[in-house]
Amino acid sequence: MSWQAYVDDHLMCDIEGHEGHRLTAAAIVGHDGSVWAQSATFPQFKPEEMNGIMTDFNEPGHLAPTGLHLGGTKYMVIQGEAGAVIRGKKGSGGITTKKTGQALVFGIYEEPVTPGQCNMVVERLGDYLLEQGL
């Protein structure tokens, strides 16, 4: 399966039990900031934004004072799992990022999708990739 198929079929799909509800944008990005696959709607990000996210995975709490920035959008960092998941909120939407051995899985959402639904979609794929050694 191609990386694009993972994004299209496992991240940008309808959320279980909520036909028509799906993430706004999604991507799989290597730890080095290289895009493996992304939805057409995923924002263009700066290398320093990705560096900040990677730093927060290695030093949990790094982004808390400044927020998580992606594609020029600032998200307030909320509870996550140190070294594994970063979650952010902006207005009625937000972002979930799951770190795997080689990649970061991103999901961005807006209402009516809930934070919990975004977390479920992103973390399920991230956990699968971890199980595959990726």
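The backbone N, Cα and C atoms fix where each Cβ goes, glycine too.
Spatially close to CYS13 (disulfide bond) yet at least six residues away along the chain are ARG22, VAL121, judged by Cβ distances under 8 angstroms. According to Swiss-Prot, the disulfide bond annotation covers CYS13-CYS118, on the basis of a curator's inference.
Within the model, the motif 'Involved in PIP2 interaction' (84-100) carries an average pLDDT of 98. The annotation motif 'Involved in PIP2 interaction' is assigned in Swiss-Prot to 84-100.
Within 10 Å of the C-beta of THR114 (phosphothreonine) there are 14 other C-beta atoms, taking all protein chains into account. For THR114, the entry in Swiss-Prot reads phosphothreonine, with the evidence type similarity to another entry.
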Give me the non-local Cβ neighbours of CYS118 (disulfide bond): same chain, 6+ apart in sequence, Cβ-Cβ under 8 Å, ordered along the sequence.
LEU23, GLY94, ILE95, THR96, GLY107, ILE108, TYR109
